[in-house]
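See structure below.
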């Protein structure tokens, strides 16, 4: 490892309408090191990667490659420098073979005829180098497992002269054995002088593989070039969150009385292959949090009890009434509301006005014989957006133009208007800045105080613990712990979440 | 507000996007969005869709001017105007239905074939005999039921069978016209029921009934699109089906209704064509789907769904109808006409894509 940086980024700024995605990022990566990029959801990691791969152009800032200023104007320019990026959503063509995918765009050919045998031989060499000689070079990529697909992506990067490899949460789709293999491959690459930029949430992984760390928070670099072995975990968490948790969360209203109405009762809920045996009771005024790793089944539990997925067993009751299985309209009618995980793709009609996003689930209230009274819609939506402090004001504005926090408030306003009895929140603060987070937490608490039963799913353990009255920990599709939020701490939750998987 | 936008066919929400983003540089749109704490009222609300429809009106006026210059009084006469409108009304009624389907994220290639089948079914010997014995409304009922029925089949296969609309309606295109040929034995069926002929050839204050039907369908379509829960749901289903589903909208049911609606429009258009030609035949509406989709698209409805305009569709229909008329008056053959049509479609879609790209880059 040399100390002269291979890549240097200075003062990178990237704006989207209404959002400052990156507000001055500094990064330097040396050849032969594993440089970890750390930050919460919405901290700007993905945006930064997309600038590295030249999918986005920065609005301000400078990029140096080997000390020379460069502009990453097209993805091809980034590739020519030797920067390869492997995204979370793998960008492979499922119907092409492994070999065809690896050499896509730089096919081996002579006189316009593709050289199949050479291609397949080189493919086998690359796969062997990555420790996966068993992947067949001629198999269609769509038929491989996610882990194998990732190996193919890496082989694709290595088939070119890669000097810097960017890995976006590579371990998310892998099991422990596969992660070990991935780390072995990464070590081989760095030994050859390749720089690796490694993005992950999992601090223990960063301890295992990383050399230095850069921490992003709210689009800015808060620390760069920290040596992994000299930085305690608590320091990293503080840098990532930058706040004291108690300050942000609203005070709990006191113990929910045992005789409060059982608004939501779930028993024996099962979605085959994903989760099973989920029992859950939420009383009026109570907030229940679900903690667990991504893929443990948290979101699926919410979606199933909302009717968006059809359970293979079990019942959902609202106020004692059993819901028809797998029907969203039935759930909405019974008074359940869902703020989905992917706000933009699942929650919002981005090209519609704010008011029609709010009234979409309560249209019957504004219509007579099917005719909509849009003046009443606007009036009611204006009241709600004003009380939730959605900015900028004006309900005719397109939802697309709002920031993440304000978009989330619009989704919440939808269910406020609906006066739902059960509110399901999936990652309610993903992509929401800290200020708006506090407002959303306060809003959720005041909803609970008004008698709504709330279920919150979050990847951020402190969010679950800070907001909820009661916590359920989910691991591999099973509830492994249930108890009051005040009687468990973050490290215990993490232990429960990891148990078994961190062998 | 509703008065201001009532002539535009799009809600003010669309206006809010198109106008602030009118300058094509991203940096400018960013600033507008960021500093947009002032209310969006004023010119911004009006000029987006208004300006877009203004462009269509200008195109229409341009074609009219060409008509006056090249054909003089033969073009600028009341008779000729009624000819244009009568021709436009059949395609127009189908285009209104198609606007809903396309806005809802679908497409219907089978409209011409459904129209043919409806026209044949309504004019078979059996149907006409029954109409003679009872009432000519039997023919009307037959056409509308056949049209809506075909739409129902399309809708069920698409919504519950999860077959893509393009393939489903392509299959219906083949099957419906084939069935029309079987039923009619490829013969042209003459309408003999006088009550039917008399009714559809009436005038309302000098305006042919066909044109009145087109006007009524357009106004009803506009209200349905802009002022009802059905229209709002159509925008939601076309714009983001997953979000619509999770908001509690029955997306499958709505999809079925959209295809039933366009099928019903085909049935109605079949009746109009039958009365205009006093025949029912399996060749009615041949290649009509292309004219209809072209009119909807140049009107400003996004082919990807989620945004549409009834007023734009009506203007699109009038543009094509007038263009065809001007070419015919100048003794140009249909081939020249087709070339001009193709050019217009490409230019309109290019313009539309620029708008769409601007919207999605924000």
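Note: Cβ is positioned from N, Cα and C throughout, glycine not excepted.
Unlike curated entries, TrEMBL annotations are predicted automatically.
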Transmembrane segment according to TrEMBL, located in which of B:16-36, B:163-183
B:163-183
Per TrEMBL, which of B:1-42, B:43-84 is region 'Disordered'?
B:1-42
Annotated range (TrEMBL: transmembrane segment) out of B:204-225, B:226-247:
B:204-225
Would you call the transmembrane segment (B:286-303) and the transmembrane segment (B:256-274) in contact, using three or more Cβ pairs under 8 Å, pairs 6 or more apart in sequence?
no
So what's near the transmembrane segment (B:163-183) in sequence-distant terms, Cβ-Cβ under 8 Å and 6+ beyond its ends?
101, 106-110, 112-114, 116-117, 119-121, 124, 150, 153-154, 157, 281-282, 289
Ranking B:84-103, B:109-129, B:204-225, B:256-274, B:309-327 by Cβ pairs under 8 Å to the transmembrane segment (B:136-157) puts first B:256-274
Using Cβ atoms only, state whether the transmembrane segment (B:109-129) and the transmembrane segment (B:256-274) have three or more pairs under 8 Å that are 6 or more apart in sequence.
yes
Counting only residues 6+ away from its ends, which parts of the chain sit with a Cβ under 8 Å from the transmembrane segment (B:54-72)?
298-300, 312, 315-316, 318-319, 322-323, 325-326, 329-330
Hey, which bits of the same chain come close to the transmembrane segment (B:309-327), Cβ under 8 Å, at least six residues off its ends?
7-10, 49, 52-53, 56-57, 59-60, 63-64, 66-67, 70-71, 75, 80, 83-85, 87-88, 91-92, 95-96, 98-99, 218, 221-222, 225-226, 291, 294-301, 334, 336-337, 340-341, 344
